[in-house]
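Per TrEMBL, the features are as follows:
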type    : residues               : note
BINDING : Thr244, Asp306, Asp307 : Mg(2+) binding site
DOMAIN  : 1-175                  : domain 'Glutamine amidotransferase type-2'
Amino acid sequence: MLNLRGNMGIGHCRYPTAGSSSSSEAQPFYTNSPYGVALAHNGNLTNSHELVDQLANTNFRHVNTDSDSELLLNILADELLKRVDQPLDTDMVLDAVTGVFKRCRGGYSAVVLINGFGIVAFRDPHGIRPLVYGTRTSQHGTDYVVASESVAIDTLEFKTERDFAAGEAMVIKQSGEMTTRKCVPDAKLSPCIFEHVYFARPDSFIDGVSVYQARRNMGAKLAEKILRERPDHGIDVVIPIPDTSRTSALEASQRLNIPYREGFVKNRYIARTFIMPGQVARKKTVRMKLNAIRSEFEGKVVLLVDDSIVRGTTSRQIVQIARENGAKAVYFASAAPAIRHPNVYGIDMPTTEELIAFNKTEAQVAKEIGCEWMIYQDLKDLEDCVRQENSALETFDSSCFNGKYVTGDVNQAYFERLHAERCDARMQAKNMGFTPFNRTISTPQSDESIDMYNAPQ
């Protein structure tokens, strides 16, 4: 990046939550009308079908892909076009973003480059997806950077200034002049709590919360629940499932006064199994990803700690590996509550029926994955773990745990349509002889390394 010429730029780390994983949908997306606009986006729109219809039949704009990032770009372009008789200035652009907020529902953060004008960044009116900015002083004045996680700002040796508020937009003109506006004055911040559980790096800060400290708190709460429910638990060793759960597992072991051990060695050249394309690929990958150290399991009652359980594919095989290496009994603790509902705001989760905890008790999940005891974090405790670091956080998007969707437009009809789309994708993939990635279709020719989420940086 240091060798690139220019004074403005946007980039993106590709993890598709909608559309295709092929290079044709790699971001940023670009449209030449008006002005020449490029956009990179993290999140997911929940009213995509409505927007496609608007663009085609009312705004007469054509989209080339199934990506909701291209939809978001075209909605912004249409809002700019409505104001094309006005001077292209900060107020006009912020008014256009306000128009985007009125039309686009879901969780999203975006960075935009407008040719000859500057950079625009905005966070959805619920603040579901994270967005933060930083500054540094250079010989030319003040430089700005906007990213989905604060670690990107740290790496570039900028100073983190603050997170975007819900419904806030920023304009950075080519001249270096920076302006922010709360485009939705009554917006209420409801950040996605799953960022703290799984997605964010532990050295990140999101909405004033240290992800590392939040995960330590999760481990402490897990230990409290274990002691409350089984004071005579008989656990000999606490072993994390690498990597995300390490922080929580270490804190739990200290609170339980039980040794913490690294019982699994991870192959770092294998992608994260939660977001691997296809269930068969996930099953094959677990054995390639983790290898056990037998001495840490043999003859012991083992408490395995993971950040969360989605499909149960990984958990089931990990329990089996523990038994093959001599574990006397296996307990399994999740730093997150039971995931019983899909997340529709930018985390690619399966349909409800594919979630292992759907319509199951903890005892039934334990039987399903083959362990003696299954311990889930309580939702109230999880939210307290994050809120403990920032008391101003009143509400969260915890939809994958409680089924309450903060945008208010996610209902049974939405899930039926999503299920139908995925079934169609699987059928099309079967006919063409390759494996679909949930809503997506991926051919061997377009196979890509997929990790994390749509993160503008």
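Backbone N, Cα and C define each Cβ position, glycine as well.
Same-chain residues that are not part of Thr244, Asp306, Asp307 yet have a Cβ within 8 Å of the Cβ center of the Mg(2+) site turn out to be Val197, Tyr198, Pro240, Ile241, Ser245, Ser248, Val305, Ser308, Ser334, Ala335, Ala336. Annotation note: Asp306 (Mg(2+) binding site) sits in a strand segment as assigned by DSSP. The average pLDDT computed over the domain 'Glutamine amidotransferase type-2' (1-175) stands at 92.
Classification of Thr244 (Mg(2+) binding site) by DSSP places it in coil, neither helical nor stranded. When each of the binding-site residues Asp306, Asp307 is scored by how many other Cβ atoms sit within 10 Å of its Cβ, Asp306 comes out lowest. Its Cβ taken as reference, Thr244 (Mg(2+) binding site) is surrounded by 23 other Cβ atoms within 10 Å in the chains shown.
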